[in-house]
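Pulled from Swiss-Prot:
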DOMAIN    1-84  domain 'MIT'
DOMAIN    116-436  domain 'Calpain catalytic'
ACT_SITE  C198  active site
ACT_SITE  H366  active site
ACT_SITE  N386  active site
Amino acid sequence: MSRTSSAPSQKSLISRALKAERDVITASSQSQALDAAIDAAEHYMKALALTSSSKDRNVLDAKCKEWLTRAEKIKGSEDWRSVAQSRRSRLRTPASTRKLTTREDIILLQGAKLNGFIFPPWKAEPSLTEFETGTNGDVLFTDKPDLHLSNLQRDIFAGWKRPHELLSGQVDDAGMPLNPVMTVSGNTDLVQDVLTDCSVVASLCATTSRSERGLDDTLLPIVYPCIHNSMKSDISPSGKYIFRFYFNGCFRKVVIDDRLPSSKTSRSLYMIDRNHRNFMWPALVEKAYLKLRGGYEFPGSNSGTDLWVLTGWIPEQVFLHSDEVTADQIWSDLFKSFHSGDVLLTIGTGKLTEREQKELGLVSEHDYAILDMKELKGRRQFLIKNPWAGTDAVYPALFADPGPFPNSPFLSPGTFWMDCEMVLQNFENLYLNWNPGIFAYQEDIHFTWDLSTGKGMAGCFVKNPQFSVYTERGGVVWLLLGRHLRTIESRASEEDERFGFISIYVFKGGKRVALSDGALHRGPYVDSPNTLMKLDVPPRSTYTAVVSEESLPRVSQNFTISAFSDSPVRISHAPNKYICVTKVQGSWTPTTAGGNAESARYSLNPQFSIVLSDPTDISIVLEPSDQELATHVKLFWSGGKRIARVRSRDIVADSGDYRRGGSLVEKQDLDPGEYTIVVSTFAPDQYGSFTLWVSTNITCEVTQLPSEAAGRRAVLSDIGVLLPGQDRMLAPLTTPRLTRVKLIARSRESRIGNRPVGPSPLLMTVELGQGPYKEILATSEDGDHSDSISGVRVEDFDLQPGLEERGGVWIVLERIGGPGGQVEDHFEVEALGEERVEIGEWIVEDA
């Protein structure tokens, strides 16, 4: 009975304690933080008094002690903010729980093979037996093959040596022999020397500084074996070490031995701690990472990617020179998270000239670690560390004076304070790695994108992987796209890997999209193997995330896309809006590149008939092979026949303005019938191939229509000229045998004097005989005059031979020039017959 009555009160007390914890983090003064910490401890104490569960008692007792200790530290610490904001240093990392498909299992297995080694998915922490020596205790573990060294490194290479060999003969300050250790007390000073892995060293500087600020007593990444009942790394008796790194879609097991490349000179071939020469943890982490990246010849990547692999923390890249980035925004976004230990910060320069490097004291295309952030009296500064051992101790141009921090500890060489505004001015990229534990839920999808079948058009997403993202409660959702690392076959292939770009586009709806137009969010194209999209979405909303690329190697590549959120989130392959998709290929050639609808040759463009038996929604996507071509699509109501001229009443839908990267027509509830699709480039004589995708909700037939001249014999007349005051001319038309004929009259030139003008409205008729008893056999445009830029047409009619006795058959062109007209028109007629026909000379009738 008492348990039932106390439960609500206990729950209420815990809720108040959690609120007090949040108040500690957001406190604006030391006294507010202290009061909130005491409040949290008191509420946990009261909840502890009400519990009867031994498990709950242990948890609540630990929380009481934690917050009492925190309150004492806040009260006695000058840097009370760091203490107050360290609540989230240890959060549970979420994990995807959706069941993988067989194909996804295969993708993860493929990702295990990398650069000649096998890195299986992580299953569990290794047992201590994995690190035991042989029966006699003298068999040390040796990993084969040895990691690759560059030619420069080989010049000073003195062999692979165990830590005790490297430290042989060295003593500490007290004269005692140095023995290798995996943990140290006091601050570290990690640096690179010969190796070009500044990004790796900067990454480890960021993780060690987090521990040194008191946010976590465990170094990241964790190295096994560990000291009993802790996550602190220990010396392996066998020289075997195991790492849990995140890459190629999951956490994986990386195994190395403790042999490191020794040097013939004073230069070091591995990362060192200048404060603790016997601290082997950095060099072993470096070796494990370089193993999966292909060896010690590794040219470097960026520290955001390296930290992602080393820790599994979510990478984000901020372009500091973007117009959207401000010092206020950067500082407000990062300050609290940094001091609570939820984000690791590194930073990189862009390409600098030698003069700029000398004047600024910065290294070109180099990564630095951010060790601390301080704000006092309106001054905001970053503590930055250059991981290169050869750096100078002071940077005259950028070294900030102690200013508001006169009691700052001694800075090691290469470490300096810099104002936030100067950071944005002199660095190019800020790399953030977020603790995934700030989210409660994660869901992953692993997929393959086959880029070997040809490059997709920029802005056309018909072939791109697309995903539906749904959240019931809404709120913050982060989407992380990761490209899987591949084996480096050569330095050239490595360059290909490094210079591809990936991005994420986000649309409403959750269904597949065809073009980039209408995106809610467009991520930047980054040359990293990862990119992050941050969303804030309303409840019960579904979005489409599209994966895009530029210049990736034209091979099949594996990816993982992950969704992170504080509430359950679902991610799946985006369904198509349409049931049936028909793919047709064609091209614009010298005879079919007719240009836009204002061109006289528009009707020559490729045309397609589409037959619909029932009402349906329809999508038509035109994807040219040349991304520089601006294209357009029109859908006509035409009975499925070729379009000879463009009339607005016949247009059902079109793609709008001409655009590069593909064109899209969408129409809802299109009636049954036969329609014609015309695809065009902006200007005539622009050649190239294309793919036409027609998507509907019913089965449909799409066929390319033959050209007007297909199967016909074409004959061109001489050019007939109507001078001012002349409005009618005619030419005889004959055939040796019965045939079907189509006539097309086109303007070749119209002018007033020397000034070009549009053609006069024209009517073309086919007449038997002349004079009062003539007979009209066929006429253009239903008997109306037309100034259509594509010309006027007389559709198919039967032409018989031997009609000369009845006055002959005549092609008659009659224009509306009006009395005193000043226009001079030049016309040409093309006859398309099943048999050859002849067109005689033009006879011009005076007004």
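Using the three backbone atoms N, Cα and C, a Cβ is placed for every residue, glycine included.
Swiss-Prot feature annotations superimposed on the structure.
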| residue | record | Cβ neighbours (10 Å) |
| --- | --- | --- |
| C198 | active site | 25 |
| H366 | active site | 22 |
| N386 | active site | 27 |
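Here the CA atom of C198 (active site) lies 9 Å from the CA atom of N386 (active site).
Mean per-residue pLDDT, taken over the domain 'Calpain catalytic' (116-436), amounts to 90. H366 (active site) is 7 Å away from C198 (active site) when you measure Cα to Cα. Each residue of the domain 'MIT' (1-84) gets a DSSP state, and the totals for helix, strand and coil are 74 helix, 0 strand, 10 coil. Under DSSP, C198 (active site) is assigned to a helix (H, G or I) in the three-state scheme.
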